[in-house]
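Mind looking over this structure? Questions follow.
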Amino acid sequence: MSINMDDLKKVNVDTLTAKEKQKCYEAFVAFDKNVSGYIEKDELRAVLEEMGQKPTEEELIKMINEVDVSGRGAISKEDFLKIIAYHKMILQTSDEEDIKLAFIALGGNEDKSGSVDRQKLINVIQNEFNLSIDLNRLIKELSPNQNELKYEDFRNLLQN
């Protein structure tokens, strides 16, 4: 994943939950072997080597420079939090786009208007993907008494 520095600088770390922030701090401490408050090149190398990777000097410098918002030549706790928040934002954007494309493929409109036929969705999930989920029950919980799913209900069904 290539990181857009302008986007990274704009990321709000408050999109992370308290639990996510705590896990980030724990991971950061595991990387920060010399307890300097920064993940430096040698620390990053050691962690990557523990994971079976053999990064070159150039790769390590590129990795750090790609996420070093502060410009120190190392990754600060704040940089680390921003990286995690950025990754979360990218995943959410990607998930939303995938859901929209599935909605369109099943008969909805590109502007998220229209709807998806309940039976068509059930047939695709059960016959094309061979999943044995009780979709009728899930759909009834979201859209009782409807044979069509609007975008919001479709998205909620796929995200839950």
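Indices start at 1 and increase along the chain as displayed.
Cβ from N, Cα, C; glycine included.
The annotation domain 'EF-hand' is assigned in TrEMBL to 19-54, 55-90.
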Write out how many residues of the domain 'EF-hand' (55-90) are helix, how many strand and how many coil, based on DSSP.
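Going through the domain 'EF-hand' (55-90) residue by residue, I get 25 helix, 2 strand, 9 coil.
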Over the domain 'EF-hand' (19-54), work out the mean pLDDT and round it to an integer.
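That region's mean pLDDT is 88.
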